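Chemist: Starting off with a structure, shown below.
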Amino acid sequence: MRDAVPEMAGALLAQLRARAPRVHCITNAVAQNFTANALLAAGCVPSMTLSADEIGGFVASAHGLLVNLGTLDAERRAATSIAVAAAHQHKLPWVLDPVFVDRSPGRLAFARNLVARGPRVVRLNHREFEALADTAAKRENVMAYARETRTIVAMSGATDLITDGTRAVGIGNGHMFMAKVTAMGCAGSALVGGFLAVEPDALRAAAAALLMLGVAGELAVRQAQGPGSFAAAILDALNTLDAPTLIAHAKVV
Amino acid sequence: MRDAVPEMAGALLAQLRARAPRVHCITNAVAQNFTANALLAAGCVPSMTLSADEIGGFVASAHGLLVNLGTLDAERRAATSIAVAAAHQHKLPWVLDPVFVDRSPGRLAFARNLVARGPRVVRLNHREFEALADTAAKRENVMAYARETRTIVAMSGATDLITDGTRAVGIGNGHMFMAKVTAMGCAGSALVGGFLAVEPDALRAAAAALLMLGVAGELAVRQAQGPGSFAAAILDALNTLDAPTLIAHAKVV
Amino acid sequence: MRDAVPEMAGALLAQLRARAPRVHCITNAVAQNFTANALLAAGCVPSMTLSADEIGGFVASAHGLLVNLGTLDAERRAATSIAVAAAHQHKLPWVLDPVFVDRSPGRLAFARNLVARGPRVVRLNHREFEALADTAAKRENVMAYARETRTIVAMSGATDLITDGTRAVGIGNGHMFMAKVTAMGCAGSALVGGFLAVEPDALRAAAAALLMLGVAGELAVRQAQGPGSFAAAILDALNTLDAPTLIAHAKVV
């Protein structure tokens with residue numbers, strides 16, 4: 001599996017560029033602009049509408065959906081309910097990013113209900129996973145959690161871990177500046193939504209998305225003097241990255 | 001007309017810098033930051049408040065108004081109604097940007113009602129125009145649409161078309177990166193709002209704004225490695241652009 | 001006092017980096033992204049949630065609070081009331097940034113009520129101060145206003161003035177590009193919130209924050225061709241700035 005990931009990701013990247021999938025994003029107010037730019041740079045078409053009377057139509061005409069729980073409010077809760085129902089109706093894959101569930105009990109309960117509604121991928125960090133898993137046994141075993149919830153867990157960290165409970169892929173690409181730019185993880189989740197639109201195997205889609213972001217981050221560092229110039233440079237890198245470069249830089253473990 | 005556009009635009013740019021008009025923006029959540037920065041770089045003073053109890057006062061003390069329909073929600077619908085009424089009361093010019101009316105029937109109906117309320121300029125792309133025009137005859141004839149609705153249509157594309165139904169100006173400036181940065185069109189519409197504040201002839205104002213943005217885009221490409229660095233560079237170019245440079249680079253057809 | 005400010009600010013900067021305080025921000029829609037990135041670059045951990053059912057918990061687990069009145073709406077008004085109460089309950093310092101109170105009577109009344117609830121610092125520009133002070137005598141005397149309201153006034157300008165009514169510090173650092181990037185003042189207020197988390201003397205905290213931002217601005221200009229590249233470069237500079245560099249560049253008057 002692991003040896004095949006770089007070539008697989010390169011092939012999916014080429015498909016993403018060719019198909020330009022529409023990704024509808026319910027995402028937090030801080031991340032909307034950077035997420036839209038990351039999707040555009042990668043070759044996707046973003047939309048961000050949240051209103052209850054429009055979001056069903058936007059989701060119906062999209063190819064992937066992101067549900068990110070940052071700055072969760074009444075409008076976003078209502079939008080999520082409608083959007084997830086529309087995604088199921090139209091067999092649209094969706095990804096959940098349960099931002100800051102470790103800091104809000106209400107959001108944590110909302111996120112757990114969403115996990116039960118069948119996201120293809122849950123992308124989160126280690127603290128968020130610790131909160132989301134509801135027993136000590138699950139907290140200690142990401143693969144068991146993925147098996148039980150029948151979702152792909154994509155957990156970011158020094159090495160990103162992506163697992164469906166049976167298979168597991170680790171991605172060692174990235175740079176510490178990625179934690180110094182707000183919305184970087186959110187943008188990564190949106191990219192997962194884009195790759196889900198071109199690849200039915202959600203583990204492969206998530207691995208390709210996070211590999212693309214991590215390699216773009218490494219290329220961007222060469223142009224950056226700090227997190228501000230890095231944020232611009234990673235968009236440049238997402239735009240120019242091609243399959244051979246992705247494959248050449250991939251660190252899959 | 002066409003031969004005179006570059007010099008006219010140069011003169012308006014000088015006026016814009018001198019007068020620093022206040023432009024109030026009802027715009028989508030994705031575009032607010034970039035739009036504010038584009039207005040500041042061009043020499044305008046942006047404000048973005050949406051709340052029903054404040055927007056009338058902000059519009060009353062502004063010199064131009066933008067109504068952009070991206071991420072349209074209940075707050076933005078209410079704000080638009082109040083703001084357009086205030087604009088009419090205070091004889092403030094306003095520009096409509098009917099984002100994504102091709103993807104939402106409810107938004108399309110809202111946009112058509114707004115066109116009937118007399119924006120000075122409607123700035124949009126080709127897909128949005130196709131949706132907005134309600135008959136096949138109008139879809140085939142942008143000038144007829146402009147005549148019938150008594151507005152200026154500014155339609156972006158490889159060549160921007162600006163027409164009042166009698167006169168028509170084409171602008172060939174720009175770069176493909178402009179379609180890779182979210183909110184670029186939205187920022188262009190906001191600049192139209194700024195130029196409307198210094199030029200009563202809305203065709204001239206719209207042409208000057210889109211010429212300024214297109215030339216800034218061409219200058220920005222020289223500093224850019226991709227859409228991320230381009231987004232910063234076009235703000236730099238908007239800030240430094242002067243009348244002679246604008247005139248020298250103008251491609252008016 | 002003044003001679004000691006640079007070394008004091010350098011020591012506080014080192015503490016900020018070491019402690020990485022959580023700063024919860026109620027801030028305007030235009031400023032959320034840049035403010036989060038400025039806080040991250042400076043070494044803080046931002047959060048931005050506004051919803052009434054979550055904000056109390058976020059504030060309770062934060063170390064500083066920003067209340068910025070830009071794009072004030074019903075959600076932000078409700079959030080502010082809850083957040084300020086939570087801040088008082090948990091003895092959390094908070095900073096008020098009364099954006100555009102000179103352009104909205106309703107916002108001005110809201111801001112005056114907030115001043116009475118005891119922010120540690122009020123950061124604003126000269127026009128906003130003129131509006132906030134309710135008598136001619138106070139308008140002419142910033143120190144008298146600070147004494148009477150028992151708050152620190154931090155007024156930005158060519159020279160920033162920071163006073164508690166008895167002591168006063170002037171900071172001459174900065175660059176004119178800082179007025180050409182939206183949310184720069186908002187980000188400065190957020191940094192005040194970060195420094196309040198590591199320094200109980202609010203005058204010192206505010207002076208350190210504005211000195212850090214001003215020096216970062218001067219360093220950023222060297223990398224910038226205009227306000228777009230400047231916005232990225234000041235984030236880079238906030239990230240790399242250390243105590244010796246801060247002290248070497250400080251212009252305290």
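Heads up, residue numbers simply count up from 1 along the chain you see.
Yeah, the Cβs are placed from backbone N, Cα and C, and that goes for glycine too.
Sharing the features that TrEMBL gives for it:
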BINDING   B:M48, B:A183  substrate binding site
BINDING   B:R123, B:S156  ATP binding site
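Looking at the shown structure, what environment does each listed feature sit in?
Modeler: Under the three-state DSSP scheme, B:M48 (substrate binding site) falls in the coil class. Annotation for B:M48 (substrate binding site): same-chain Cβ neighbours under 8 Å, separated by at least 6 residues, are B:H24, B:C25, B:T27, B:Q32, B:T35, B:A36.
In the three-state DSSP classification, B:R123 (ATP binding site) falls within a strand. Listed in sequence order, B:V95, B:L96, B:D97, B:A154, B:M155, B:S156, B:G185, B:G188, B:S189, B:V192, B:A206, B:L210 are the same-chain residues at least 6 apart in sequence whose CB falls under 8 Å from the CB of B:R123 (ATP binding site).
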Chemist: According to DSSP, folded down to helix, strand and coil, what is B:S156 (ATP binding site)?
Modeler: coil
Chemist: Looking at Cβ-Cβ distances, which residues of the chain lie under 8 angstroms from B:A183 (substrate binding site) while being 6 or more apart from it?
Modeler: B:N28, B:V30, B:A31, B:F34, B:T35
Chemist: Are any of the binding-site residues B:M48, B:R123, B:S156, B:A183 near chain A, where near means a Cβ under 8 Å from a Cβ there, and if so which?
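Modeler: Of B:M48, B:R123, B:S156, B:A183, the entries that lie near chain A are B:A183.
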Chemist: Determine, from DSSP, whether B:A183 (substrate binding site) sits in helix, strand or coil.
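Modeler: B:A183 (substrate binding site) sits in coil per DSSP, no helix or strand.
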